[in-house]
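What TrEMBL records for this protein:
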DOMAIN    114-335  domain 'Major facilitator superfamily (MFS) profile'
TRANSMEM  118-138  transmembrane segment
TRANSMEM  150-167  transmembrane segment
TRANSMEM  179-197  transmembrane segment
TRANSMEM  203-226  transmembrane segment
TRANSMEM  238-260  transmembrane segment
TRANSMEM  272-296  transmembrane segment
Amino acid sequence: METIRDSAFGKLVRFLSGYRLLLYPEELDNVTWRKYLRTPEVNEEEGLTLIRGEDFYDQHSLYTVMSQATRRRRQRPPLRSVLAGPWHGVKEVSPEAIGWGGPDDSENPQNWSITKKMLVTLLICLLTFSIYIGSAIYTPGVPGVARQFGVSNVVALLGLTLFVFGYGLELPAVGRSPIYVMTLVVFVFFQFAVIYAKNIGMLLAFRFLTGFLGSPVLATGGASIGDMWNPRVRDYMIAIWASFAIAAPVLGPLVGGFAASAKGWTWTIWELLWVSGFTLVLLFFFLPETFAPNILSRRARRIRRIVNDQRYASESEIEISQVASRGTLVLIDPK
């Protein structure tokens, strides 16, 4: 049930029900949330903010707090509300840090059961396969594309190169699983635009866009796996994930070859649509978030809603709120 609750389907059910279904422990018991509260201890003599070791326990995670003491300047600017943003002139507050509820916190991906970890790993591998096969599965249909649109094979081959070129243009920074699902939804529907393209320009444009939309898992799929597994196992799991990325373009021409020869080039895209559509259904119902900062951020939002107090924030939200407004604007516009 936890896996479904944390999936895109579970989030949708919670939203539509007004957060009355698929509840989290802190929503079932309005006292439970207090165990997630991590109040910094300030050492006035040394100007340090000490975070107790057990407070941000995140065993072997990619987001592990590496030290039990986080240095802060004694005269640091006060924290602002993490919801309104640092440049809106809102009332300055000092949020209480929300973290894991101890070394056995069930929401920590490192503490998931082996079955759940294997399921999520398989889903990430399947998603990677579904995207990577999209490049090579197109190649058997290149002659058919050239004939239908009256262009050379070189121009028709752009449908492959533009798809691959789009891989490198997306890098999700906050959260992973929602990005995977949302981009895969558009990826699946854009296949129809490729199949029913009216001219070569439309076909090439949507091949590029589908490659762009498929890039998140190629950029952060390994990180998603690393979120769950400890170092002793992580290397093996990433190797398995990489094998799916290698197998997909190898099998693509084989899978698409017989379809293109029997039914025409559009059937290579139909096959891609079937594979990616099947993957989308599985991800929608069963893929939870694995990124620890995002999990804690959503926990903090739930606690703020429960207690109606905007002071509470996760460690990552506190870090973001400390970024100066000028620095934030530089990231948006270097001028």
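Including glycine, each Cβ sits where the backbone N, Cα and C put it.
No contact links the transmembrane segment (272-296) to the transmembrane segment (150-167), because fewer than 3 Cβ pairs that are 6 or more residues apart lie under 8 A. In this chain, the transmembrane segment (150-167) lies out of contact with the transmembrane segment (179-197); the count of Cβ pairs under 8 Å, excluding pairs fewer than 6 apart in sequence, is fewer than 3. When averaged over the domain 'Major facilitator superfamily (MFS) profile' (114-335), pLDDT in the model lands at 86.
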